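The feature transmembrane segment is assigned by TrEMBL to 7-26, 32-51, 63-87, 99-117, 124-142, 148-170, 241-260, 298-315, 322-342, 348-366, 467-485, 497-520 (among others). What TrEMBL lists as domain 'YrdC-like' is 607-802.
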Amino acid sequence: ESLHSSIGLLGISAGSLLLAVHFYSLPRAAPLITSTALGVLLLILSTLLAYAGIWRSLRNVSLFLSLCLTISVFWCGYGVVFILGGQGILNDTGDFHDALVPGLVTFTLALLIIAVVGFLCREVILAMVASAVSLASAHEVAMRYSPAFGSSAVACNYLVVCLVGGYFALGRILCFLTKEKIVLPGTDLAKKKTHEQIRATSGSMNHFAVTGLILNMLSASVFGCRLLGITGKLFIGQVPWLWAAGIYQIGICISSYRAMDVLMATFFGFTSILKFAGGYCLLYPVWQAEEPSFPPPLLVVFSVLFVVLALFLTLKSPADGLYLLVYVAYCMALACCPKGFFEGGPQGVDVAIFVASALMTLIRLYNMKASAKIPTGKGAVKALLARSSFLKLREGTDLHAPYLGYSKYADAEVLGYACSVLASFAITMTGDPQAPLATVVIPWVVVTGGILKLLGGSVAFARGKTLESSAFIFYGVMWIIWGLTRYGGLYGTTRSFHAAIGIVAFMLFNGFIVFCTLFLNITWFFYSLTFLLIAVSFLLDAIQALPAGYDIAATLIFGLVSFYCFLSALFNSIFEGSYLPMGRPIVQLSGVGGGMTKCLHLPARKASSVKRIADILKNGGTCGIPTDTVYVLVAACNRPDAVEKAHHSKRQAQDRPMSLWISSLKQLEPAKHLFAPLLWDFMEAAWPSPISLVVPRGEWVDFLGMKDSAKYVGTPQSVAIRIPDCSVTTHLIDLVGPIVVTSANPTGEADTTHHNQVYAKLGDKVDAVLCDGPSPENIASTVVDCTKIESGNIGFFRVGIIPKSQVKSIL
């Protein structure tokens, strides 16, 4: 339990020791650690801290998570700046000052906030580490401004971190060696764990949002410091802070989906785009003297997306909604200024973003840890909507229920559609063929349409949306390739036959996606069809036959369809009902999509799900469940109507009799005298296992209460019976009693090895599916003929996962 906490704090101590040595030796002519070596070591430690923070976050340790991730991103940007200095890219002391100060200012304040909350909530060790690193950063800022201020003060603060880390390590070692008999104050993680888990049960909370807000402070600091005169210029030395913030922001976006927070995950996806765009603008003057220009239509559209997201976020938390309005102002300021980040208007809004982000960081972090909360108006809008008969917020355990089965992530379609909107409006700017990089298009197309689209596709795949995820990933690849080719200047003013062939291949693949969406819904059909218009414009451009205005029209049509999808996904994720429907499938096939409306999907890892399946079976329902081999279709023996329903659920099932499953031989104990002693002993020795025994039919069948439906189980001469080697299945049988079983696939088809296949094959014929992902085995059980076992002979109807030799050895 203490592994990730120990890795985190000892990683911080190791980095602090390196920095302490560096600053103690700084006045010397030759420092003990070169800038390049120090930068590389800090990058390694930042990766270790990110790992520790994310894994520890799964145990709801919010302050530790915020500290680890904050110092991780700090040392990531810090390390790259040192590497740039070591390689001679930052030429003089002024460059080092301008490069380091924006990051140092941000982390001085951010770590001070973490330290204050830590002291208030009695997390003394974490608070001391945060306050020491904060003071070290503040002293380094002073040192960069005044050479008279020595570097020893910075080193002393980092030495304090080392001492605190050493104390923590000693406490954990003593606790381990003495089996928790000796525990130093502040190092007992068991009490902290219990306290955090109790607090976590009160409601789900996105512990990653604090780090996301700190990253917003970091990017705003780079441009705000320039406006306030703290730094002298904007240049390549500040790119590490912006791009480190962008990369970590994408990680925070993914983690927010893991925390089931769709709106904040979308917001962090949006802000990561701005960070990458800002870094691109600072990097551009390296190879061109002038500053790049911005496409105004895109930024206006971006501000509209922020407005919509702010309105929906206000329904959950008015404070967060107001915070997003600052970004609306930011996008409008960028749209009004041709030179974007380099002008005073956007930089002034950056100062406002820095202040607002710091305030929201304090509020969120304090509310996570303290019992008394700072009011954010969280329940106000919810109370108002409770009186409305028109709009009703989605709540409860099924709020983030996946499309099919169980998923660890919330739905990322909102971000995927928004990325399509931004990427399509970005390419309305054709740019200058002689200087394609002068217009800031690549970040919006490659990062937005490409990287974030791939992210959305990956999350959609994790939620069982196979077609949607394939389309998102496919379109993401297309945006990346075309963005780099056309707007990265890879082929300049010439056009290539090979590029045209590649685009035709993309169009063929997209044609297949368009065909598949006929069976999904109307909106997706138009979404994929209008992307075909985009691909056609790419093709016409590649062969130099693009009509004037065609690409503008194609991108506008695709952008508007994507915007409708964005709004529809937002409405459907926040409100009950279908206010902006995606529509019905254009082509409806029998049995396809039945699981979406009629069939419950419940995660097998929850005991409440197993109980709910048991209740359905007791009430005469049929369900698909996982086993120790493949998925099966089951019904309760004591419900003859359910047994008959299960039999008729499959086509041509008359020649495939159903089998009988029990959870213990005690369920057949009243009829033990009707079984041969050798057969009874063989059953005791063989089960639980994936071995089905075909036994002679007898009066014992009447004890199970199947009545007239018993004719569907087995043959007139015999019945197949077994105890499965699966805890979920046997627990279900304990709740229900003996069950009848048949394979969860139409007769003649392959065995069903995933809950998605149960939906596809029998989704409209069963009442529920217990979802457990892929089957542990792809092979069915071994079926043994025990009708003549008294003579010492057994036969095999089917050799499955258990070989003949193993069965014979059991006998």
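The backbone N, Cα and C atoms fix where each Cβ goes, and this holds for glycine too.
Highlighted: of the candidate stretches 7-26, 99-117, 124-142, 241-260, 322-342, 7-26 has the greatest count of Cβ pairs under 8 Å to the transmembrane segment (148-170). Between the transmembrane segment (467-485) and the transmembrane segment (348-366) there are fewer than 3 Cβ pairs closer than 8 Å, counting only pairs 6 or more residues apart in sequence, which means the two stretches are not in contact. A Cβ distance under 8 Å defines the sequence-distant neighbours of the transmembrane segment (63-87), meaning residues of its chain 6+ beyond its ends; these are 5, 8, 11-12, 15, 34-43, 45-47, 49-50, 52-54, 56-57, 95-96, 99-100, 103, 107, 110-111, 114, 117-118, 121, 123, 126, 129-130, 133, 137, 207-208, 210-211, 214-215, 218, 236-237, 240-241, 244-245, 247-248, 365, 368-369. Here the transmembrane segment (124-142) lies next to the transmembrane segment (99-117) in space: the count of CB pairs under 8 Å, restricted to residues six or more apart, reaches at least 3. Model confidence over the domain 'YrdC-like' (607-802) stands at 85, taken as the mean pLDDT rounded to a whole number.
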